[in-house]
Amino acid sequence: MAVAVAVLAACTLTLLAQAPPAHAAAGGGRCAGESFSANRAYAACNDLPRLGASVHWTYDRATGDLSVAFVAAPAAPGGWVAWAINPTGDGMAGAQALVAGPFSSSGGGGSAGASWAVRTYNVTGYALGEPGPIAFPASDLAAEIGADGRVRVFGRLGLGAAGYGGGVLNQVWQVGAAVSSGGVPAPHAMGADNLAAKAKLDVLRATTTAAAGVDSATRKRNIHGVLNAVSWGVLLPMGAIFARYLKTFQAADPAWFYLHVTCQLMGYAVGVSGWATGIQLGKESKGVTYTDHRNIGIAVFALGTLQVLALFLRPKKEHKYRVYWNMYHHSVGYTVIVLGIVNIFKGMNILGVEQRWRTAYIAAVCVLLIAAAALEAVTWGVVLRRRKAESKTFNSASNGHLPHSV
């Protein structure tokens, strides 16, 4: 049983550690058939590797002007789309963004059928902030939504003073599901495609290449997920199974205790590392808070710490308070396991992991549940046989003749 769980757990962690594959978009793909209003035309285009988006552009070397059209579908009707150049990095912080949405002329948010407009944002952190001027002079800004539900964002950016001698830009793009009545774009999803929506754009050679490898923030999130999945989600349940079922068998005493303690201490140690990475991610993700996930994580860590400390206060078997300690230990232990597994799935939703990753972890949990159910049946069989044998021995002694006194 332990071997099977370990194999499945290893498969789960391997899948969790993987990052979405980077794809280089081929120039002249689906984007080549795109047509625009007002006789707009562009010298080059590329299909972007995430979110079903594409970018079209004409770059004037003499003036340093970049005429661009970005095409993407909002995450939901009435949502928003954005395309940006980042002169200082390859992520959201520092991006000079063109954000298109159903913004009303009064500055608020419009309905899904409202006319579309473009606002500029100088993004300094993990939130858009307020609209305002960006580092590149922006003109000819416009947006429209097509019959296919995709939004076309148009603009001209003056790159002459930015020093892009090589013509390679860090581009970032994104889609969101809603714009508030106050005209504020709602935060975008944190799925794998959303987090990886960035690439290099070579305006001179007409190529777009997805950023190679995994950025540091995504790597930290993956590590956080892996550590918590293996600790709270696998090792602690295994340790509980060892304690509940193996101690029924006399031949497994005291081996079950050492297996239980080993699993729980290893799980706690790895879990502390996962909790610490989560705290660090929270500090680095200013403006982004996952309240339920954070609160459950804190509760799991606190209860797990109490479990470890309780080992030093465990009364001896014959002590009158041992029964109360057992009640506390079992209830808190099962609570930690249940909350830990729930929070792992919440973390998967936040990361937007692919279904195969969920399936792999669900399979590992199912193996643990099936093993527990099977051992529960076996344990009850052993207990009932033992009670039957003890009852027969007692009845035999009661019905027998007492020895004659000498």
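Backbone N, Cα and C define each Cβ position, glycine as well.
Annotation comment: TrEMBL describes 1-24 as signal peptide.
Residues or ranges marked as domain 'DOMON' by TrEMBL: 51-176.
Among the features that TrEMBL reports, domain 'Cytochrome b561' is placed at 191-384.
Long-range Cβ neighbours of His329 (heme b binding site) (same chain, at least 6 residues apart, Cβ-Cβ under 8 Å): Gln307, Ala310, Arg314. Residues or ranges marked as heme b binding site in TrEMBL: His224, His260, His293, His329.
What TrEMBL records for 225-243 (among others) is transmembrane segment.
Per TrEMBL, the feature transmembrane segment maps to 255-276 (among others). Distant neighbours of the transmembrane segment (255-276): 224, 226-228, 230-232, 234-236, 238-240, 242-243, 246-247, 249, 297, 300-301, 304-305, 307-308, 311, 340; these residues of the same chain sit at least 6 beyond its ends, with a Cβ under 8 Å from one of its Cβ atoms.
Annotated transmembrane segment per TrEMBL: 296-313 (among others), in sequence order.
Here TrEMBL flags 325-345 (among others) as transmembrane segment.
The transmembrane segment annotation in TrEMBL covers 360-384 (among others).
Between the farthest pair of Cα atoms in the heme b binding residues (His224, His260, His293, His329), the distance is 27 Å.
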